[in-house]
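Enquirer: Shown below is the structure under consideration.
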Amino acid sequence: PDSDPISTSKKPENPIRFLLEVLKKQKLYVLGHEAMRRMGTANVLIAGMRGLGVEIAKNVILSGVKSVTVQDEGLAEWMDFSSQFFLLASHLGQNRAMSSLSQLSALNPHVHVSAHTGPLKETLLQQFQVVVLTDSSLDDQKRFGTFCHSNGIKLIVADTKGLCGQLFCDFGEDFEVLDTDGETPASAMIDHITKADPGVVTCIEQRHGFVDGSTVSLSEVCGMTKLNSYGPVDIKVLGPDSFSICDTSSFSEYEKGGVATEVKNTKILKFKPLDEALVDPELLVMTDYGKMTKHQTLHLAFQALHGFVKRVGRLPKPRSQLDAELLVAMVTELNKVSQLDQLDEGVVQSLSFTACGDLAPVNAFIGGLAAQEVLKACTGKFTPLQQWLYFDALECLPEDGGEGEQLTESTCSPRGSRYDGQTAVFGSGFQERLGEQKYFLVGAGAIGCELLKNFALIGLGAGEGGHITVTDMDSIERSNLNRQFLFRSQDIGVREKQKSEVAAQAVRVMNPNMNITAHQNRLDPDSEQVYGHTFFMGLDGVAAALDNVEARVYLDGRCVQHQRPMLEGGTLGSKGHTLVVVPHLTESYGPAKTGSQNAIPLCTLKNFPHRIEHTLQWARDQFEGLYKQAAEHVNLYFRDAAGFLERTLGRGEAEALEVLGCVWGGVGGQRPQGWEDCVGWARRQWETLYNNDIAQLLHCFPSDQLTSSGLPFWSGAKRCPHPLTFDPNNTTHMDYVVAAANLYGQIYGIVGTRDCSAIRSILERVHIPAFTPKSSVKIHLTDKEMEEERESGNLDTGRLEELQKKLSSPPVNSAVLQMHPIDFEKDDDSNFHMDYIVAASNLRAENYDIPTADRHKSKLIAGRIIPAIATTTAAVAGLMCVELYKLVQSHRKISSYRSGYINLAVQYCVLSEPLGPHLLQITLGLVLGHGLGGLGGCPMMR
């Protein structure tokens, strides 16, 4: 209504065009086109702008809904500053929603953000598809819960009290889930299908990946062709490589081929309104199976807490025994109806002692989960929470007999400080200890930004003698903006604005007391002169916010060597994990696990692809070889010809022949002199890859070739290819030539064009040499054959000697001939990189009758994208900082720590005790309990 006190943020007058696209890209890889379309029409109300509310709002705005309205009648006070990261000291006494508006609006220029400073009313709620209540009374939750359920409005209730959190969802009577888990549909190649009732399908793969009750569609089946148009069929799994389908007894005989692909079915879920769900214990989703009784008790304790506030007019005072006794009595009364088998009074007492607390890490975790539920409500993508979830980190409290001050009402009382919400839980002495910490954060990307936010809010290293060192060698890219909320569009591409420096500046604004130094160093053996023994021994701990396993393993090894604890976390779309490494108490991250079992065999890529993943990997390899490695080799040759030749020949004749051939192509007569030469090269490349090479393969292995066993050679995973004929009017054919020619020109400094008419004119003058397959060519069927050939020395040594002679004296004008290697960049749609990958892959897929992939799917696979979304990174960083609380207090019980695994797509959260140290038997007969895995952490063994 017009009378409501709503203030609307001003949208940017001139949004940056690339930002209009980039903010969607990373989410697109996780959510998909349809979900993104639905999200772009959703209007969301978030009530309550304390720490939890602003965390949810931040994540939802970054995700890109149509509009977000934040509501709060309250005024900012010191207690809010322990977790409300958009409040400044100048906002004290001002409305929290209005104070947060400008910062929230700056997160995403596509989301209309407004503030509502009046009370919640049904007339306001009617304007939204999704309503989120935080910091609300139970009476309001019931009242608005009934209204929302009756009016088709999705309701989410989120709350945190100290070290405990609560989440509730009600998405109505008939909520349609389009995709339950977001996983890529499983598929398997078919080896045989019986003619029976039911028909039995045997797959080529040892594990087909289907489960009982899965629905699959069959395609590309030869002989029993009726299955190709049969439609989705329910299956029963018979074994890891077989399953039964429909009655095939009346179909034709199976001949060969076929692919079974999982069909994802929609699912209808029914939700109860909040007042009914309150009394249904079956709706409680566990996050820590060792705490089942605790969480059942918390369900009653949160209700009793609302009753306490209604009766007394405030939350229980920190460490007040009288208030705790009253809350225990109220929970006991509620249990007369609920009749829990076990009531954990200790949990109720701890909740009472800490309920006044407002902790950033707990808000980050619950806020990440809640924001993901908002996205599910908007899109129908992923399975929503049904319907209650509780979280507690009460093991963060001081251990019996542990270090630190005795917690009392006095030590936990507010002091008019930004840390009052944290002091209420841990006391003033712990706050001083936090401020004295010296931590090393490696990585300032998605998780790194969230960790720095939490560090600033909790005051890590913000006291006398404390310090944070953060290093990240990357600059800010467009794709960072939708999940790395410390960065803004104006930071992109500015040389002096490295991630670490911008992030450090941003958290200094959140907490002016932060002592933080930003570095731009890569953490590897080359930087050990900076991060050496003295540096590590001066640390209290390390946090790893890295995006690759190798770097994690290296950092873990450094922590092992110097006996320093490490916090580690990672995400993959909606999935995330956390690990805490405590010297001599838990296992370490450990050595890298080999990924060779998932590698695509080289012979498959080179000659026998059967999936689009194979053709995309082949296209990526082509890109790297043609436009990066070849140019790098030429430049190395120009820099030191004699040394380059010596090093190259030292790697073996096979590799030397390949590398020197590339170099001669870049310095000899094949070097292009202008744009027409680039187009001619691209056209000849097309002919070689998609016609000549395939013709040669079929010459060696004709379509009717039989194996030594008398079986068809082209069967199972081997798809029989066919050559393509170039057609300048075929879009994909021209896409390849345009992209390949432009990229070829770029490495030589030649300017190209996208003008297809001009390129077609040049193509008319390009001579394509006739090709005749050779019987002398050997094609390898396995990687082993390929390796044996390389080691056999059966090479063209004459050609190698010829290349050595030609390259023995570099050209005198080598500086002019320097080339420009190209690093693959997936996010710039104007640079021809993805144009080349998509066209090259789809043409090869056409050779082998493999279904092609659109640009979106191709980018996801070929770009090796690890999708990141704000909700998961926030939740993971929150869990990491919960473990940080324990490290700072020097907890010594392994039962106090938690490793975490979450999958927000299906609201799967498992927190478990980490594994203990390995026992190592050494030659002296002494048994060491080594908490950091391996001998690296034992000075005696080093």
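Any Cβ shown, glycine's included, is placed from N, Cα and C.
Pasting the feature list from TrEMBL:
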DOMAIN    197-264  domain 'Ubiquitin-activating enzyme E1 FCCH'
DOMAIN    266-335  domain 'Ubiquitin-activating enzyme E1 four-helix bundle'
DOMAIN    419-894  domain 'THIF-type NAD/FAD binding fold'
ACT_SITE  C603  active site, glycyl thioester intermediate
DOMAIN    609-859  domain 'Ubiquitin-activating enzyme SCCH'
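In terms of burial and nearby residues, how do these features look in this structure?
Expert: The average pLDDT computed over the domain 'Ubiquitin-activating enzyme E1 FCCH' (197-264) stands at 91.
Counting every protein chain shown, the Cβ of C603 (active site, glycyl thioester intermediate) has 16 other Cβ atoms within 10 Å.
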Enquirer: How do the residues of the domain 'Ubiquitin-activating enzyme E1 four-helix bundle' (266-335) split into helix, strand and coil according to DSSP?
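Expert: Split into helix, strand and coil, the domain 'Ubiquitin-activating enzyme E1 four-helix bundle' (266-335) gives 46 helix, 5 strand, 19 coil.
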Enquirer: With DSSP, how much of the domain 'Ubiquitin-activating enzyme E1 FCCH' (197-264) is helix, how much strand and how much coil, in residues?
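Expert: Going by DSSP assignments, the domain 'Ubiquitin-activating enzyme E1 FCCH' (197-264) contains 5 helix, 24 strand, 39 coil.
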